[in-house]
């Protein structure tokens with residue numbers, strides 16, 4: 001174990017694919033949230049303002065170092081067309097680093113950054129707005145997702161389809177080239193479309209957007225926070241506009257826009273793969289309860305990126321059960337819970353590219369098993 005509770009990869013990382021695909025238990029678990037909390041060392045629930053800022057500053061310093069190297073050396077020392085390769089490498093690596101900063105901002109959503117609410121909101125507002133994410137708007141809808149995970153009626157995002165709702169174009173795209181194309185589109189513009197138009201989100205009776213203070217996503221009391229989020233986004237956009245005037249669109253895209261697309265892609269991929277898996281059930285209101293829903297997530301292995309992403313991918317089960325635990329205690333808390341969770345703990349070490357293709361192929365819609373009377377639904381692929 002390293003500093004801050006970081007640990008090695010999960011002990012069951014060598015699970016076979018057949019074991020990883022075995023259906024998760026869907027009955028009410030024989031343990032309570034209290035049992036899980038007792039199993040976790042008390043210090044895992046402690047938040048350190050210094051440690052949280054250390055991780056944020058570490059990410060920002062790395063991002064600045066990459067920016068400095070890219071803007072001072074790529075075009076100067078790499079001949080055309082090798083400079084294109086240099087910029088592509090910068091965009092890919094910078095996007096990963098900024099995804100780590102995104103995760104630290106996400107800690108603020110859950111008040112896991114510090115014990116001070118105003119610090120959490122200030123840091124979260126700055127970090128998320130800098131990455132064109134409306135902080136308070138996202139915080140509110142994301143917490144609603146945590147409160148209703150795997151509920152067919154009430155989950156806020158990545159709500160699965162029923163077979164009757166599958167449109168013809170989806171059937172046409174249900175082939176290898178189509179699946180690759182759907183993934184590319186999803187990773188490129190999926191998150192912005194969700195924020196702007198609620199694509200893949202919970203269905204409301206009228207038009208819904210994270211930028212609309214009067215959206216049905218929010219209560220009357222929350223509307224001022226949405227306005228603050230919108231103003232912060234407009235301030236960043238205004239800054240980018242002036243930067244384009246000063247430096248040109250290509251420069252701004254290479255330095256900022258390209259890495260931002262990578263951030264959005266990683267965030268979309270991470271959240272989809274943590275919640276979409278052939279082994280995970282969904283519940284209707286007759287069966288759903290909070291703990292069973294929170295257990296229906298799966299930890300994934302992104303290799304060296306686990307550390308870059310502050311273990312949001314491989315300690316996601318813990319995050320959904322105890323979202324107030326800081327990321328630097330996530331792995332230790334996960335290991336402590338495993339003996340209590342037993343078969344309710346889900347981990348899949350399938351290589352990410354393979355998992356992406358498999359989940360796109362296997363997880364098309366949900367329905368009950370034949371003859372099943374309980375409100376438990378599983379992913380299907382047969383049309």
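The backbone N, Cα and C atoms fix where each Cβ goes, glycine too.
Heads up, TrEMBL stuff is auto-annotated, nobody curated it.
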Which range is transmembrane segment per TrEMBL? Of 58-81, 154-177, 202-225, 250-273, it is 250-273
Which range is transmembrane segment per TrEMBL? Of 18-35, 36-53, 180-197, it is 180-197
Students should find that the region 'Disordered' stretch in TrEMBL, chosen from 1-23, 93-115, is 1-23
Counting only residues at least 6 beyond its ends, the same-chain positions whose CB falls under 8 A of a CB in the transmembrane segment (116-136) are 49, 56, 98, 101-102, 104-109, 195, 210-211, 222, 225-226, 228-230, 232-233, 235-237, 260, 263
Residues outside the transmembrane segment (86-104) whose C-beta sits under 8 Å from one of its C-beta atoms, at least 6 past its ends, are 52, 55-56, 59-60, 62-63, 66-67, 69-70, 74, 78, 113, 123, 127-128, 131, 133, 254, 258-263, 265-267, 305, 308-310, 312, 327
Tertiary contacts of the compositional bias 'Basic and acidic residues' (14-23), defined by C-beta under 8 angstroms and 6+ residue spacing from its ends, are 278-279, 281, 347-350, 378
